[in-house]
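J.: Mind having a look at this structure? Questions to follow.
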């Protein structure tokens, strides 16, 4: 194919590095929430701080490579930093590192936080520092007459990026979903972070192996520094000559003409025109990068019950989120390029790059409207827990006779059918004093001493001569996280029963006593419930519990060694299906395709040949600023509803979209090649003139 052999090592290096980065990032927000136990806003803030840092450091990497070390050494040294960072993050996620009492929770969370933060800072320095170097280093391997091969290389390069991203977002969430540990089994974050660390080490080794084959261009100075110095001198010089006695110049950058040549000034003008258009762009990235934070957390509160074990295993919960975007990108890029754009062109619509970007921003705004609508439906499924000064109580009739319960003093009366339970009823704690239970002509008064802000279950049954009852403290203050389920058992037998479900032992339960809740994952098969009694042992397969539910299971009786149980729903499972996130991902991906791809194309087409790196740095800077915007909004917002925050972001982007459309309408497209050719021609004429003058002077001297 006419490729330098060194290209093989660069492409493999990029695949491994992108696998490492996106694999780690796919589970990062969940690590913050479920391992470090940070609340949603703090986890979101730290996540976006990390992403912002990853997009700020490329400027540092470009300056180091162009002005000091060169691209090869910069990639090697920062890859070492990168690998160390991944390893430190993996070590920091080991639960047994500080779990000295072996209770399943780290004894020193501060140590884990410190290691994690050090690891993430090193990763940000590494991934950001090498970001502007690797693709440019690959381009350096080709000769000037290998333009076709260079174009093919960049296609392969970006294919390796997407392949690494897609594969890692399949693998690492599944690694996290496994359980590992020495003393106690936990979500396997060390493996989920460790595999990306190994891949980064492989990337470094592969890159170094090809060292002798590379064409290494020496550092020639960083053009960003030249542009910055030119702009700085123009501002300083204009300030010095601010009085009216100095004539105005056509453009404020012309004040740099005393020190810098006209071509550099003209090129800087072109760059600043594009950078000015970049000002509204961070708002798009503020929404786009919430896929990895807010939208991932949204998915954990949804029903991930896809058909079949394979789909359930590979698409449930947090794995669903990372896969959707890269898959949709692979589908939408060719659809947009080869179907949508040609159709628009046939309709004779002048769909300029800036108009495409405006449409992309609008689609991203609509994606957050879709996310808000989904969130409204999710919020409807959340259980309502008692507020301050309130208590909730539920009635559970385990007997064969109907009952009526009076809440005293004369608050209300409730009828409860046999083997059924009411929903949770809310009362002011200070007013509720006792309960009168009436069943089959028997009466029992249950005095109450309740705690504020708690839930209780009153389990009772008619027992011929008396009414047996037990007031149970439910100890549930939130919905189960990560789609897990909480299960407990209550004994409806008149004698003790030993209960197990799969390999979890609930112990021996006395009549009407209840076990503690145990956590069970969602799985596409049933659990086996076993009840051992003095004369027999009975089993039964459980029902499917769904995602994020809590159940109390009553052990009722045994018929032919088959256990009869009754399920009482303490907290309903998630009912909003995860597939409802697809529209918002579809809209955002369409927005990304017409915004991001077009934006890069526009930037390159409007930039001088030697200043494309300046615009690349400016483009990456908009991503960093976008993540900082999320930090500011998440920190300053007083909205207590997530759907309202989604609407706020959608509205902000819509306003920015209108502003960008107005700015774009005033932009005049230029051809940098024509301008550079003009300066080259002028310089050539000047050189010829100087040569003629020198020849004339030499001829005059010879005559003398």
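Each Cβ is built from the backbone N, Cα and C atoms, and glycine gets one as well.
Automatic prediction, not curation, is the source of TrEMBL annotations.
From TrEMBL, here are the annotated features:
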TRANSMEM  42-63  transmembrane segment
TRANSMEM  75-94  transmembrane segment
TRANSMEM  109-130  transmembrane segment
TRANSMEM  151-171  transmembrane segment
TRANSMEM  191-210  transmembrane segment
TRANSMEM  270-288  transmembrane segment
TRANSMEM  323-344  transmembrane segment
TRANSMEM  356-376  transmembrane segment
TRANSMEM  614-634  transmembrane segment
TRANSMEM  646-670  transmembrane segment
REGION    680-704  region 'Disordered'
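So that I understand the layout, could you describe where these features sit and how close they are to other parts?
T.: Away from its own ends, the transmembrane segment (75-94) comes close to residues 17, 20, 24, 31, 35, 61, 65, 69, 111-116, 118-127, 129-130, 133-134, 137, 189-190, 192-194, 196-197, 200-201, 203-204, 207-208 of its chain (Cβ-Cβ under 8 Å, at least six residues beyond either end).
Panel annotation: around the transmembrane segment (151-171), residues 1, 3, 7, 10-12, 14-23, 26, 135, 138-139, 141-142, 195-196, 199, 314, 319, 322-323, 326-327, 329-330 of the same chain, lying at least six beyond its termini, place a Cβ under 8 Å from a Cβ of the stretch.
Remote same-chain partners of the transmembrane segment (191-210), defined as residues 6 or more beyond its termini with a Cβ less than 8 Å from a stretch Cβ, comprise 5-6, 8-10, 12-17, 19-21, 23-24, 27, 31, 75-76, 79-80, 82-83, 86-87, 89-90, 93, 168, 171-173, 175-176, 178, 180.
Residues 41, 44-45, 48-49, 51-56, 58-59, 62, 131-132, 223-224, 227, 271, 274-275, 278, 281-290, 293, 599-600, 603-604, 606-607, 645, 648-649, 652 of the same chain lie 6 or more positions beyond the ends of the transmembrane segment (614-634) yet place their CB under 8 Å from a CB of it.
Here the transmembrane segment (646-670) has Cβ contacts under 8 Å with residues 270, 273, 276-277, 279-281, 283-284, 286-287, 290, 294, 352, 354-355, 357-358, 361-362, 364-366, 368-369, 371-372, 375, 606, 633, 637, 639 of the same chain, all six or more residues outside its ends.
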J.: Need a quick answer: max count of Cβ pairs under 8 Å to the transmembrane segment (42-63), which of 109-130, 270-288, 356-376 is it?
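T.: Stretch with maximum Cβ contacts: 109-130.
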J.: Per the 3+ Cβ pairs under 8 Å rule, pairs at least 6 apart in sequence, do the transmembrane segment (270-288) and the transmembrane segment (356-376) touch?
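T.: Answer yes: the transmembrane segment (270-288) meets the transmembrane segment (356-376) with 3 or more Cβ pairs below 8 Å.
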J.: What residues elsewhere in the chain lie close to the transmembrane segment (356-376), defined as a C-beta under 8 angstroms and at least 6 residues from its ends?
T.: 283-284, 287-288, 294-295, 298, 576, 580-581, 583-585, 587-588, 590-596, 598-599, 602, 641-644, 646-647, 649-651, 653-654, 656-657, 660-661, 664
